[in-house]
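According to TrEMBL, the features are:
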COMPBIAS  1-11  compositional bias 'Polar residues'
DOMAIN    69-198  domain 'C-type lectin'
DOMAIN    230-326  domain 'Ig-like'
DOMAIN    337-408  domain 'Ig-like'
DOMAIN    446-536  domain 'Ig-like'
DOMAIN    541-628  domain 'Ig-like'
DOMAIN    634-724  domain 'Ig-like'
DOMAIN    727-820  domain 'Ig-like'
DOMAIN    824-935  domain 'Fibronectin type-III'
DOMAIN    940-1044  domain 'Fibronectin type-III'
REGION    1-24  region 'Disordered'
TRANSMEM  35-55  transmembrane segment
Amino acid sequence: MTSNSVSVRPSQENKPEAKGKSGTASMFAHHAPGYSLVVVAFATVLTAMLLHHVASQTTYTCPDQWSSYNGHCYRFEGDSLLDYDAARTACSLHGAGVVAVETAAEHAFIVRWLRQHDPFQRDWYTSGVRKAGTGPNTMGNQFEWESTGEDITLVITSLWLQPPVFTTPNGVIAYGYGQTGYGWKWVDGSVKRPYICKIPEREAYRILVNSRGFDYGLPKGAEMAIEKGPHFLVEPRSVVVVSRSDKSVAPVALECVANAFPQPTYRWFRRPNFDREVSMLEDDRITITNGKLTINNPSEDKDWDVYRCSAENKYGRVISGSVEITFGALGEFNNVPDAGTRVKAFEGATVQCSKISYKPAVSYQWIKGNSVQFVRPEFQNYIFISKNGKLYFSEVTRADEGTYKCIAVLIGVNSFTIGTSQAPMRTSLPIPLIVDDQAPKSDWGPEIQNDFIGVFPSPPLRGQDVTLECFAYGSSTSPFRYSWSRDDKPMPTAAKTYDHNRVLVLHNAQLEDSGIYRCTVSRGQAASDTKTMTLSLGAKPYFVSPLKDQHADIDSQLTWICIARGNPEPVYRWYKNGRLLVTDLKTRVRVQRNVLSISMLDPDLHNGMYQCGAENSHGESMTNAQLRVLALPPSLEKYPPPSSVMASKGGNLTLRCHPEGAPFPSIEWSKGSAVISSGGDKYTVLANGNLHIALLTSTDQGVYTCTATNQFGTAQASSTVMIADGATITVTPSDDDAVVNETVFLPCEASHPKKLDMVYDWTFNDFPLDFRTGHYQQTEAGSDGAKGLYLINSGFEHEGQYTCIVRSPFMATSHSAYIRIRGPPRRPGGVVAQQGQTNQTSTVVEWVEGSSSGGSIGIHIVQSAHEFSPHDWTDLLTVRLSDSAEQNERVDGWHSVQVSGLNPGTAYRFRVLAVNEYGRGAVSDPSSYIRTFSAAPAVSPRNVRGGAGSIGTLTIVWDPLDRSEYGTGAVDSVGYRVFWRIKDTNAINGQWSERTVPGAGTNHISDFVGEDKYFLPYETKVQAFNDKGFGPNSTVAEIYSAEAPERIRCDIKIWLWRASEDPRSAELIELDGMVFRHTLHNLERNTLYALRLAAVGGGGYGKKTPTIYFTVEGQIVVDSLFAETIDVLSGTPSNHVTSVAMVMLHLIIYTGINRTWR
């Protein structure tokens, strides 16, 4: 090559391997292992810069530590092991993707590299994954390259070392070593391994060029004037309205917040096709304020629909994922009584709740017989209430016999559920549990019941609290011990057990929590049982990292890769400015599944806001970024070369030249007036434009000029080089920014004589670096040809001053640079609740804004916790920056907002966090407690219900107030006023009856309304009070008084036993219907018998007759003082009894074997 104008190092013909030192793969990957965090889309961006001409020939090459083959660059990263998702993120930071192998020749190249450089024969990740919707029996191709969206050809699939086992979780194709050498393996993508990155040589300059931002091309100091298109900070979430249709409900609010400058305008749309705009002019229930859509008095008929918002400014438009407003529904229990359950004593039993339709979910409770108390498994560990609605007994006895009622309460499945305080609920008809006698069994079980292991909700989804239940039958005389384990991996750290360890909850479950779970139940050391189940979590699509804004050269090429995780696998769509993108040859746009390619970028055609949408049966997710196609003349204003450099005689020197420009300028170096020719042993123009001078002599002193040129202009800057004995730092670290979880390189290179040994040391804030943390690695040659330090996976704790110290036996010299870390906002400070602005239900919270960490803060979130649950923090309020900012002469960044909805007489504390384009920041320290003024309770009792009791009785039940809702410190003053009246559609404002009951924990009353008032509808409401007054009434609930005898089926039960034996051994004789005659069989002469009778209805057992003694010869009269009376049906009485029937019988004993009673 003779031309002195070069932009990259000339490539070498027919040389497949990379230049530079051989050996193990370098540590240099700009990776971000921490990205396993929250994210939802891997958006790797590959932007190819249009490179320039050398001697009328365009040449492309791969940088140091990348290997070149057939027009692509490869990075074999063997030092920093990552899981597959993190590996994709690490490759994306170079603009690359995880390798896709297209030909057998390319496979041979990779195998050759691995044989030479990986003596440990490890497994190396590729981007090969299973195609969506394929299974083990799918014919044809089942695999695709995730980094390109292309199918894996059948010819290439012959490279398997062994057939893939599809039960492997998170499966990915990896290169591994087997009996036949290197080939493909199907491996678990959650395990940390080496990986291979790949990028076309035409796009390889992305590896070298510094990360461009919105300030690229702007004059130094113009950062405050940066404008950009809208980027979502908060997207709406689907909402379920759970309330009674005849009662008022809280407003529905959908929130949409975007960060942009100029500020965006917001619009809301609804289906079909999202072409119907939501307007305040059409419905006075609707308000739209700064992107927040509020619907007052939501109606199922008017508002049940799918919605999305858009945010737009002059740079483009973005649309949110679609969300749905739905309305919960709870059907009615069947009015035909269930047959119930019949079981022998001392065996396991299950009582099935009556069927009921519901949406989205219900919770179940059970009550027994005539009791107003609920079945409490926490105190009766042989009983279990499953989320499937069934009531289980590990072993039943006579004491468990009776009728049970199932209560279903409509609930939501997540926190995005609103409703009234009176959620819809239904109570079933009585369900009998009949226990037949048999002799007690010796210790038996445990035997895990067939319904278990149960999983809820169904289907279980990522982000939900997923519950696994386990329950076993067996002797209740010996306690059972339940334990949980996972067969394939360690138990998730978020897993917790409840209810005597019978319930395992995976809080905020993630896809990696899918696997094989095992429940083991043991009875001491005597016996045990175990069962496994495979948990497969569904997931709405989520991205591993968001799309990144691209600032690309005019006429260059852009490749965007969008990879989302989800179950089932998502389908992809691409949008520009809110409109669907499809392949268009006229605009040079190509859409291939999850890959968007644009060639010959043109600002008039291609500038705008781009989005990748991923959708499956569980929902849709969006990620967005801005594309700026740049055409800029070169500039060296921001990063000028040093005006003078002192270099060492006999040493080497690298002069830096970092212009801005688009297309990226070609670089020409000259000394004085003579143009420097690149090549040979003396001068080399490196791939990034720097000039390397070897074996310095005094003749190398002089003025060196860097000239940067593109079609839009030229820029120049000069450095004076002076030569001296000894050593000096010639390439110095400079102040720089890094994004959290990304990597930054600090160059440091000394010029020194070859015979002089030099040692490089680094300090951080004047303390020696600890290289054992894994965040720091030194290199002998970086991407710009200089030695230096890599700060890997940077965090806020790494912000500070870094000093490079170069030492020889005779001297030491150093140079420092400050690294600023950009990311989510730092924690706010000075959070305080103003006592002077506090009342019964609200206060004013103030705070000082924390550092924005190089981003733009869009919102603050205020969280609260009260004194009775001091560590249970909830998001109380989301406030936009413009709504909370206050002018303060003493403090910048002062914010103030009123928070309401607090309970009176309760101490609260608050904390605040900020959100910017990098995510949610750290929470502040909490404020001091501040107590609201005491007042009457601000809330009403919830879940008012009832309708049970004996004939003539009205029973009303409610949930007592939480301690934080008392409204006063005088706990003894808290009580309830209960109101009721017969529901009469012909009467208006009928007279209410009422009763006042003391005690904050009181939860029911029973009132005798008259035997003629059976099974009548009543309207009821409950009001809490304290020493400050009365709180609001609950919403009116409709309940029923107890049933009348003629409304129920009445059966007869007889208990018969030898008077000399234990009455608990009595034979139970059951008669269907209200019969008045029955024959007793197989009675023995000269034997004294005893019997009792009872009528049984849907509400439970009636009063039992006194014990009657007889022989076959006739009835025996026993003095009541000596008569043994037996409560055969001993146990906890039930409250919800709809009737009690008395059967008056005369017993006439006839002589003979067969006897009859009337």
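Using the three backbone atoms N, Cα and C, a Cβ is placed for every residue, glycine included.
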For the domain 'Fibronectin type-III' (824-935) and the domain 'Ig-like' (230-326), decide whether they are in contact, meaning at least 3 CB pairs lie under 8 A, counting pairs 6 or more apart in sequence.
yes
Highest Cβ pair tally under 8 Å against the domain 'Ig-like' (541-628), stretches 69-198, 230-326, 337-408, 634-724, 727-820, lands on 230-326
Quick tally over 69-198, 230-326, 446-536, 940-1044 of CB pairs under 8 Å to the domain 'Ig-like' (727-820) gives the top stretch as 69-198
Message: If contact means at least 3 Cβ pairs within less than 8 Å, sequence distance 6 or more, would you call the domain 'C-type lectin' (69-198) and the domain 'Ig-like' (337-408) in contact?
response: no
Any contact between the domain 'Ig-like' (337-408) and the domain 'Fibronectin type-III' (940-1044)? By contact I mean 3+ C-beta pairs closer than 8 Å, pairs at least 6 apart along the chain.
yes
Grouping DSSP H, G, I as helix and E, B as strand, the residues of the domain 'Ig-like' (541-628) number 4 helix, 56 strand, 28 coil
Whole-number mean pLDDT, the domain 'Ig-like' (727-820), equals 83
Using DSSP three-state counts, the residues of the domain 'Ig-like' (634-724) come to 3 helix, 49 strand, 39 coil
For the domain 'Ig-like' (446-536), the DSSP residue counts stand at 3 helix, 44 strand, 44 coil
